[in-house]
Each structure stands twice: as structure tokens, then as C-alpha cells.
There are 2 protein chains.
Amino acid sequence: METIINPSKAQWSEILQRPTKTIDDIENTVTQIFDDVKRNGDKAVSKYTSLFDGVDLESSLVTSSEIQKAVESVPSELKQAIQLAKANIETFHAAQKTQNVDVETTKGVRCWQEKRAIQKIGLYIPGGTAPLFSTVLMLAVPAKIAGCTEIILCSPPNKNGQIANEILYAAQLCGVTKIYKVGGIQAIASLTFGTETIPQVYKIFGPGNQFVTVAKQLATKYGVAIDMPAGPSELLVFADDSANAAFVASDLLSQAEHGTDSQVILVTTSKAMASQVEDEVKKQLQVLPRKSVAEQSISNSKIVYLNSIAEALELINEYAPEHFIVCAKDEAFFIDGIINAGSVFIGNYTPESAGDYASGTNHTLPTNGFSKSYSGVNLDSFTKSITFQKISEEGIKNIGQSIELMAEAEGLQAHKNAVTIRLNTLKL
Amino acid sequence: METIINPSKAQWSEILQRPTKTIDDIENTVTQIFDDVKRNGDKAVSKYTSLFDGVDLESSLVTSSEIQKAVESVPSELKQAIQLAKANIETFHAAQKTQNVDVETTKGVRCWQEKRAIQKIGLYIPGGTAPLFSTVLMLAVPAKIAGCTEIILCSPPNKNGQIANEILYAAQLCGVTKIYKVGGIQAIASLTFGTETIPQVYKIFGPGNQFVTVAKQLATKYGVAIDMPAGPSELLVFADDSANAAFVASDLLSQAEHGTDSQVILVTTSKAMASQVEDEVKKQLQVLPRKSVAEQSISNSKIVYLNSIAEALELINEYAPEHFIVCAKDEAFFIDGIINAGSVFIGNYTPESAGDYASGTNHTLPTNGFSKSYSGVNLDSFTKSITFQKISEEGIKNIGQSIELMAEAEGLQAHKNAVTIRLNTLKL
């Protein structure tokens, strides 16, 4: 890890630079596959499943007997762990329900706001060596609470034409409506246009590689909403002398194992802590099964020493981390002052892993500085708010003239007329 | 207006088809201007202002003396109308503030969610013959309530190098921080990258022509969020025998005058109402100053007669109108059953104009069927929610083993270690 002592503000943007990727060359591939799926539906999907996943499927729909078998195969200890996580995620997301907002803004003018569930949603769960079933919980649980009626899950099949048992178990536990063995660009294209087998949805959620990310971006051009733009996962830890260096090192490594492009930054006001963490990282790294991945992302990561917590907070808000761990004597200073972060983990016994799996918060979070403008996935991600208004005769008398004046000043006479014609009937 | 009696469901999608535009040929222009502004900043911006707006400006920043003069020029009657509208918009959007969500999901595991304002936002206000100052209110008022610290407004200058007085008045009234005379693609590019004069922002709001729409879409590629994708404005009215045909016609025409691509649909269960509205539209159309525009969009518009309100509601949810007016005996049926709409106007004295200007609801709404997945602009559009968690020693004992099991099953050993290392210290 590179240690940087008291960098000037002019250096910050360089220090905080994220790994960037060019996506321009991917875009052509994505556009071609979208066009093909739009035109040829299931036939195109099968072709790409055969090409990219190396398997020919009779049908992409997972059957109920496949789900049944998967449920039986998951060890009961793991099932209990998943159930505990689900219960906590449910508790936290159910608490996010809001009441209707209902106000009389002027006498006779009643305005209100209600949230309604997005009816049809798609969840994308990546495949690969490790089954990311925790993401199924993070997306399907709030979707169910929100009241989405169609929850469609797509995940690529392995060489045997199967989706991991843990993913199928989590999906049925959380009330996913339909599960399809389809991955990558062709999955996002299917959810965007619909095929003979796979239904079209209104919003697509979930992580994925850069192909999936570009495909989700393209989906928005066709009127499908997405949860948020995605980038490599990242963690920033602030630690002072009150932190435990071994714990901090374990957190940095848990982020570093995600991928070689993961970002890990330690900000500290203690030179002693900086060097202790560095030693601990070296020690703990040795025993990791994903050592080579973690080693590479750790070698790109940075320790930034700053003189004051005020300056530290400023730098952290400038970076806008996805995950932010605070182990500080004055933790309230950071809690009150943090403006740009996806999820904040406070104190020595709050590892990022807790939020990744089981504490109840969502792990689908804005990376790449997007926490400056985006929320992580939460209950509202699965709803949209609709406004309603009902105006009485008295109400239109109270605000009618203002509407007429404003509409006229904007040159919109028919907008004015819609009020005038009503006011005239009330003058009789 | 074309009247369609009891169409079969198979015909719905054709009837509800929106006017489409191809944007592919615009994309090249937008990309070029973005590249130029990114590289050459203010110099590029001046060039395009000269080219597209026909004016050479010394500086794009509106000075405080220009604002002062504009404020003095707006007639006091119009000022009062704008102030009344502002007060109602404030009341309704301030009521949308939510409390922090704070839960102990498991003993010792505290999770909470807080909303923080997006610090830097950009508002785009189109120019043209009519100054759309009402949109300034709709965007700047909630931004101010949310606590955004930099509220940057861009609007194209006229041939004299000026922005309309009403826009400047509304901007200063609502606490806009800085106003720039820059329009079109170059405005969106400036807000995306920042120039020597114009600050970079995190999220861009506001309507615009198709160039602005494509530019906003491109901005998202560079990490800037946008309010929502935009399309031509649209209105769907449901009216039965309890409606007033003249009022309904005035509402249809107020939508139709927006542009030749505006969409207007009347759904009814009364054949008498259908023909009365048609007659009224013809009559009222004659006296409109924007008659030629309204005439053309009315000629593309449709009246759909259906036998039952159940079928009507189904068709309306399928269409997902931006604006939805309900004048029905059983209005509760529609209020309870509407799932996809931007804003709903209920009863004979609630014209769409009220929500466009002064009732308090927002007029920046999802068009083009986007109300299936998007909300209109509301207070939350100017904030993002951050989750926080703090776990005690007892808390990590309660959920630690579940995290270990799940992390291991996902093949993420360092995620497990971050918990194990903590649990081990608690066993001593």
C-alpha cells in the first residue's frame, strides 16, 4: 500500500482517482445482441447461451421440480443463516414504508402523494464460480415488501445447464415469480424487450460484469429503468488510534478480494495506526485463498495520512465511497458530517461483511462516486410516487387567477382557458 | 379526433402508440459538442452560443444588476401570482420530508437510514418565445427545501443576450445560486464537465427539446444523474356522464397546444359524452392563438369508448399517462386502482393547469409510459438516502456465524475472516 502524508488539496483528485475502463468497444457488441434478441426472441437467446455459457437448453425457464431439488440440497445450517439474514433485511426495509403525504395547500386545494409498486421487475444475478445468492435477498425481499407483482430473475446457467442451488433456494424463499437460465447481455435484452418465454419488465436491478453494465445502460434507451450505474466495488476506512489494526486490515482485505479492480483506501490521523494496518494486511494476506486477487488490488490501494479529522471528512466527501467504515474516537463528527457515501459502518465490531450479508441494510450501493447523487437500493427503489389533487369550487376560486396570469405570461392561452371556463360557471 | 368503440385488447397497443422519434442522427452532434466542451471549456461554449443562439457574450454569468433590473420589470400582479404558486409548492414539497428510519434488526445490530441533499445540482430551463418560469419554481423550490448548496441554472439567451425577466425573477425568488446564459447541448455539457466559468454538478434537472434530451442521456455516461428521460407531454382524461364536456374539451386543448407531438386521449363509458366533447373541442379550438399547433395534435388524438370502468382502468394503467384527469361518478375506483400515472387530477374543478402552475404538486413528470417505473420530481429527487449501521459486541455474536456461513458459501474467505477475527477476540 502506498502511504501519502498530508497531501495538498491539489493532489486529492489524483489520489482519489478510480480505475477507469473504456466501454466504447463493448457497445457495438451490446447493440448487436440487443437488436438480435429484439427481432428473434428466444431463438437469439438460445444462440448466445450456447455461445457464451457453452450449453444448449431446451427451455430457459427453471421448473418447479428443479427448484424443489435445489431446496433439498442446501445444507440446513446455511438455510438458517439465509433465513436470519432475510429476517433482518425484511425488518429494515419494511421500516422504510412511508405514509401518504396529504396537504391542503390552499383552502379547497387538496394535494397528496402515494407510492405504488413498480409492477414488473427483473433481477440479474451473476453466475461464475461463487453463487451470489445474497444479492437475491437484497433485491427480492424489498421487491416483495413493496408489492411488485412480477419478480423475474435471470442468471446464467453453468456448463451443466444449471443455476446454483443456493440461488434457487433464496429465490423461492423470497417469492421470486419466475427464474430463467439466461445471463449476460442476452438476459438484459430479454428483460428489455420480452421474448416468447421471458417477460418484459419495467425496471432491472442487479450487479454484473462490464457487459451487463453496458447492457443495462442501453436498456434505459428503450424506456426500461435501472437501479443505478455500476462500477468496481470500493471501501474507504477512517481509523484513528481507537481502531483495532487487525480488524481494519481484515476489512480492507475483504474488499480487496472482490476483484483486481477493487478500490481500498485507508484515511487516518495516526501514523502509528497506518503502519500497524500495513503490517497486519501483509500478515493476513498470506492465508487467503483469493490471495493473488487481493494482493493485486492491495498493491493499488492507498493510505492517506491527514493532520485533522476535518480535513479527513472533506476528503472522504470528495471521494464519495460506496462503503465507509469509521473507527474513530469522535464518530459522531463523521456520522453528522458525511454527505456522500453509500453505506456507513461505525465502530470496531461493524465489519462491512455484516452489511454485505445479514445486518439488514442493502448491499446494492452506488460505486464510482455515484453516492454524490444516487441512493443505494432501498424500498423506494421498487415504487414510484404518484401525486393526486382534488380542487373544490372554492379552491379554484382561490388559485384560479394566479394560474390565469402565469399561463398567459408563458403564452399558453389554452392553459388559461381551462381555468377561465370553470371560473365563469362559478360567477353565475 | 378519431373515436374507437370497444376496441379488443389486441388493438390496445396500437391505439396507445406514442409518437416516436429517432434520435440516432442527433447522437453524433451531441457527442461532438460534449467532446469540444470537455476539452475547450468556455471557449467552446461561446462558439456554440454564437452559432445556435446568434449572440456573442462577454460572459455567460448573469450579473446581480441584471437580476435586479429583471425583478423590477416583472409586473407586480404576476409577482403575486408567482409567490402564491411558490407558497403552495413549498407547502406540498416540505410535507414530503421523511423521518430517519432507525431499527434494531437483531439485538445489538442497529441500522438506520438518513437522507442527505445532493450538494450540486443543475437546472435547465428552455428558452424560446415563451419564458417557462414555472419550471424554475418546480425545480428550485424543492432543491432549496432539500438543502442543495449549489443550485445552478442554465437557460439560452435571446438575440439580445438576455434571459427573460420572469425566469430571472423566479430564480432569485427561489434561491438559485448562479444563473448562466447558456442553452442546448452546450449547457448540459458544461454542467457535466464544468468549465472555467460554469461549475460541474452531480445531477441535472429540467425539460428541453430532443437535443437537450439526448444530451442529458449522454451526461449519465459521465456519472452525472438526471431527473428522468423525457418525451412529448401527454394527457389522458377519463370522463363519464358526470363530467362537464366543455371543461374536458378545455383540458384536452390545454395539452394539445404544447406541441404538434403532444398526445391527448379521452377514455369514456358514455357515448353521449364522447360526442359532446368532440363538439366542444371544435368550438373552443377556433379562438386559440396557438390554434394551428393544437389542431394538429388534436387531429392525431383519440377517443376510446369502453363498456366498463374496469376495462377503462386497465387500459389507462397500460398506457401509463403523464397527466390523468378523472371526472367520474365512482372516482374512488380510479384513485384506488391507478398504478401507472405521473399526476392525477380529480373532479370537475381540477384542471391540469392547476398542477402545471399553482396547486403545489410538481409538473416535472414521467412521459412516454415512464410512469410505469419513474416518479415525477419530488423532494426525494434532490436527496439520496445513506444507510448507517453500528453493531455491538453482543450484536456481532448474534449474527456473526450467519455471516461466516454465507460468505464461505459465496467463496469469499476474507469476508468471513473479517467476522471471525472479531468473534475470536470476544471468546477470550
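Glycine is treated like the rest: Cβ placed from N, Cα and C.
Caution: TrEMBL annotation is automatic and unverified by curators.
Listed by TrEMBL as binding Zn(2+) are A:Gln255, A:His258, A:His415; the candidate from A:Asp330, A:Asp336, A:Asp356, A:Asp380 that the record includes in that site is A:Asp356.
A:Asn209 (NAD(+) binding site) sits 12 Å from A:Ser233 (substrate binding site), taking the CA atoms of both as reference points. Applying an under-8 Å Cβ distance to chain B, the recorded positions A:Tyr124, A:Gln186, A:Glu322, A:Asp356, A:Glu410 reduce to A:Asp356, A:Glu410. Secondary structure at A:Tyr124 (NAD(+) binding site), as computed by DSSP, is strand. Spatial neighbours are here defined as Cα atoms within 10 angstroms of one another, and by that definition the neighbours of A:Ser233 (substrate binding site) among the recorded positions A:Tyr124, A:Gln186, A:His323 are A:His323. Those residues noted as binding substrate (A:Ser233, A:Gln255, A:His258, A:His323, A:Asp356, A:Glu410, A:His415) have their most widely separated CA atoms at a distance of 56 Å. Recorded residues A:His415 (substrate binding site) and A:Tyr124 (NAD(+) binding site) have their alpha carbons 44 Å apart, per Cα-Cα distance. Within the same chain, the residues at least 6 positions away from A:Gln186 (NAD(+) binding site) whose Cβ sits under 8 Å from its Cβ are A:Ile33, A:Val37, A:Ala44, A:Val45, A:Tyr48, A:Thr49, A:Phe52, listed in sequence order.
Annotation note: A:Glu410 (substrate binding site) sits in a coil segment as assigned by DSSP. In this structure the C-alpha atoms belonging to A:Asp356 (substrate binding site) and A:His323 (active site, proton acceptor) are separated by 10 Å. For A:Gln255 (substrate binding site), other Cβ atoms within 10 Å of its Cβ number 30.
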